[in-house]
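K.L.:
If you scroll down you'll find the structure; I have some questions about it.
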Amino acid sequence: MQVTTRFISAIVSFCLFASFTLAENSARATPGSDLLVLTEKKFKSFIESHPLVLVEFFAPWCLHSQILRPHLEEAASILKEHNVPVVQIDCEANSMVCLQQTINTYPTLKIFKNGRIFDGQVYRGVKITDEITQYMIQLYEASVIYLNSEDEIQPYLENATLPVVINRGLTGLNETYQEVALDLAEDYVFLSLLDSEDKSLSIHLPNTTEPILFDGNVDSLVGNSVALTQWLKVVILPYFTDIEPDLFPKYISSNLPLAYFFYTSEEELEDYTDLFTQLGKENRGQINFIALNSTMFPHHVRFLNMREQFPLFAIHNMINNLKYGLPQLPEEEYAKLEKPQPLDRDMIVQLVKDYREGTAKPIVKSEEIPKEQKSNVYKIVGKTHDDIVHDDDKDVLVKYYATWCIHSKRFAPIYEEIANVLASDESVRDKILIAEVDSGANDILSFPVTGYPTIALYPAGNNSKPIIFNKIRNLEDVFEFIKESGTHHIDGQAIYDKLHQAKDSEVSTEDTVHDEL
């Protein structure tokens, strides 16, 4: 009996010890600490109401999350004094928000700026209190450096490795300037001289002596962080340059149309440089101009809907994905050329002018029209899209996908099942069409797509406009979307349930017969 009592006592002691250990090592914030715990419902509103937030996405069972917790609690207490909240999201209990934030490892720390929930920056520094607090304080307080005199500016210019932006006395711009500085603190240095009588906004590039002044209406920037950001990103780019890989992302992030000149030799590049530099200067802030070596980047022209015939000039609007180019030769004629055919300079200038005026005609890419449809998911191509989606009698559901997109691949079998279910019911077969289009192989000018897969429903009727599906891509939600948004209000879920009840009944009958045998 004594042994039993000791044994039980040991077990109880062990359990108590284990409980205290687990409590000590819990990844969740200690009640009463400055480390806040958020849920999916509160996440969006919290981020949108704070200019700077550090968020930990964690899993309760994760040892690394448990180790990080005390460091975050200390950091939260320090950062609270600087009005920078530190919060937690438990990914086990809030899986949807973690999925939306593409959280793949635990713990993941993300920095959210200016209330944007889908633009979080992953913190890649050391995950200890001092490093975290130092980084966040510097990000918040040093995003704009306030100076008292012109003499204090010079050291920043002499030692600059990043573009230096200077706000001289434009106090009305302060709030917008601070917001943009917070966003771009890792790419620019922002200085502010509040008492200056100069009243100007300028940017100094490293290793240059002449500043670039903002020569527009400053009032157009006040309260308009997008416009200020756009100016900063565009003005640092040359009028025309032979592109380097590390510079290309800056052109992409400017969101301006990109004009490409593919050259075949250094002599050819030199011959056209003055023309394109002048065009770049005349169209600053409207079109960016770059050169590409056709030997190094021959296949890039495929993304411009053009053939590999060099030299070549084309314009790509990356917002709506429309492409414009000079006329090209038939393949047979191009193959007979003994040397590159020069581009017509007047035609280059005219294409740029027509593009700016909105009269240039885009190059439309389309697969060939299928001779037969091989499944219940109807294949649409660029040439047939508009005729098919605007149907007097049918609701038309269209999936715009990309072959390289993992989300498109995951959704494909679900979409196929939706089509099969609706095709199984004769009463709705003529009232709805389930279709898809490969956006990488077909240009749809009437409906530019920027994310994949995009699901849109065109209700029956000639003048119907697409209704975008924005819920979880599963069977139930898509059926509900069709029912609520379509002209015919087809209840796909009811058809699905009826179909599976019939199958279950067949299986039950077969089992009964088998048992009787």
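Even glycines carry a Cβ here, placed using N, Cα and C.
Since we're looking at a predicted model, the values are computed, not measured.
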K.L.:
Looking at 2-5, 306-309, 498-501, 514-517, which one does Swiss-Prot call motif 'Prevents secretion from ER'?
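P.N.:
Here Swiss-Prot associates motif 'Prevents secretion from ER' with the stretch 514-517.
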K.L.:
Per-residue pLDDT averaged over the domain 'Thioredoxin 2' (355-487) comes to what?
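P.N.:
The answer is 94, the mean pLDDT of the model over that range.
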K.L.:
For the domain 'Thioredoxin 2' (355-487), what does DSSP give as the number of helix, strand and coil residues?
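P.N.:
Going through the domain 'Thioredoxin 2' (355-487) residue by residue, I get 37 helix, 23 strand, 73 coil.
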K.L.:
Can you check what DSSP calls Asn293 (N-linked glycosylation site), collapsed to helix, strand or coil?
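P.N.:
Asn293 (N-linked glycosylation site) sits in a strand per DSSP.
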K.L.:
Of the glycosylation sites Asn174, Asn207, Asn293, which sits closest to Asn159 (N-linked glycosylation site) by Cα distance?
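P.N.:
For Asn159 (N-linked glycosylation site), the closest Cα among Asn174, Asn207, Asn293 is found at Asn207.
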K.L.:
Relative to the Cβ position of Asn293 (N-linked glycosylation site), how many further Cβ atoms are located within 10 Å?
P.N.:
16
K.L.:
Cα of Asn293 (N-linked glycosylation site) to Cα of Asn207 (N-linked glycosylation site): how many Å, rounded?
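P.N.:
The separation of the Cα atoms works out to 27 Å.
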K.L.:
Neighbour count first, Cβ atoms within 10 Å, every protein chain included; then name which of Asn159, Asn174, Asn207 tops the list of glycosylation sites.
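P.N.:
Top count of Cβ atoms within 10 Å goes to Asn174.
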